[in-house]
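The phosphoenolpyruvate binding site annotation in Swiss-Prot covers Lys22, Asn23. Residues or ranges marked as UDP-N-acetyl-alpha-D-glucosamine binding site by Swiss-Prot on the basis of sequence analysis: Arg95, Lys164, Val165, Ser166, Val167, Asp308, Ile330. Residues or ranges marked as 2-(S-cysteinyl)pyruvic acid O-phosphothioketal by Swiss-Prot: Cys119. Annotated active site, proton donor per Swiss-Prot: Cys119, in sequence order.
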Amino acid sequence: MQKLIIHGGKPLKGNINISGAKNAVLPIMAASILTDKLHITNVPKLTDVSTMKDLLRSHGACIEIIEHTDEFELIINTGNINNFTADYEIVRKMRASIWVLGPLLTKYGKAKVSLPGGCAIGARQVDLHIAVLKAMGATIEIEDGYINASSKGRLKGTHFVFDKVSVGATINAILAAVLAEGETVLFNCALEPEIVDLCNCLIKMGADIAGVGTSEITIKGKDSLNKMSYKVLSDRIEAGTYMFAAAITKGDVKICGIDYHIIENIALKLIETGIKVAPINNGVQVTYEGTLNSVDLETNPYPGFATDLQAQFMSLMTLSSGVSMITENIFENRFMHVPELCRMGADIVVRGNKAVVRGVEMLKGAEVMASDLRASVSLILAGLSTNSKTVLHRIYHLDRGFQDLEKKLSNCGADIKRV
């Protein structure tokens, strides 16, 4: 099994180009079911993207892959969808597989999707997905680990209030509503930029969507959607990760190819810690200037601080001057990186959904194990900060969400290699 070997103590200096957003491209790929052909550019080279390709092919899609140095182009032909079951063997690898449920159901009137997998960071039930589709007229039962959904005729527009903010359920509802009969109004929607990107793609395909980027989205269903080409936005989670990498290594890095407005909340949190963050053309520059203050953090739905960056921020706070409180409000099991950070000398105590982090002068290298995607990269950041050797095991998680991570870090002076 592969592992990463990191020799830390080297400040990162240089430029890092940000890849396409995983959390945007996956629902856009699922949206290809709603039309006959979709051309997607700026697609990151990730195993989750490969899993979604496998899933779409299992439904009968034909996918042409055009490979470039830093990205893929995908041409997805879905005119011959002939299988409406998303099997466990594919779905277990990635929770985003559930996003084929809405498109299959709204276009073909039936779908059978295995209950999803992905990182083991909490229950993340599918109740809201099912509730909104039932409100649109679907008949849904859960049998033998599968969601069996059907509708007599087209789904019907509805007014639906999400009782909690859910990125996944908001996406499935939008994907279903664009071909439903009549008007759908969704309340308490998630606001993530990746949802905005999906809506922009669907609008370009001919969907009628109002309220994009707000908590109230109105969709007037169409009979069909058009073929088109769309460029996926850049990955704010990847950008934030490298911003923290620059800070924890006392470096100076330009993060390129990302709109500042979607990472502004990350930048403001870093500025609180004493790190210099300056917008530049098509990106941001992060510079350590000798100070790293302890700052409290709470994860919340966007525009709050992303749960996908909580572990990385915690790594940074292990070296801060003082005590910080990190509160995880999204997932109930997202502190699995804490024992591994403590193996490296961090002083962290977890109490329920809160972690108290007391800054130490220095972390030390150790053999550590990744438990999930974001935890794995937090341990890399910790390893980069040490003056010794860190070995990270179970790095297959990384390839689900970070393209060319070792290359991007090495180009900025890091000593990191995969063996």
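The backbone N, Cα and C atoms fix where each Cβ goes, and this holds for glycine too.
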- Message: Please identify which of Lys22, Arg95 has the densest Cβ environment, defined as other Cβ atoms within 10 Å, among these binding-site residues.
- Response: Lys22
- Give the maximum pairwise CA distance in Å, whole number, for the residues Arg95, Lys164, Val165, Ser166, Val167, Asp308, Ile330 listed as binding UDP-N-acetyl-alpha-D-glucosamine. 19
- Quick one: of Val167, Ile330, which of the binding-site residues has the smallest count of other CB atoms within 10 A? Val167
- Item | Neighbouring C-beta atoms (10 Å sphere around the C-beta of Asn23 (phosphoenolpyruvate binding site)) | 24
- Message: Please list, in sequence order, the residues in the chain of Val165 (UDP-N-acetyl-alpha-D-glucosamine binding site) that are at least six apart in sequence and whose C-beta is under 8 Å away from its C-beta.
- Response: Asn188, Cys189, Ala190, Pro301
- Neighbourhood of Lys164 (UDP-N-acetyl-alpha-D-glucosamine binding site) by C-beta distance under 8 A, where only residues 6 or more apart in the same chain count: Leu128, Asn188
- Nonlocal residues around Ser166 (UDP-N-acetyl-alpha-D-glucosamine binding site), in sequence order (Cβ under 8 Å, 6 or more apart): Leu128, Ala190
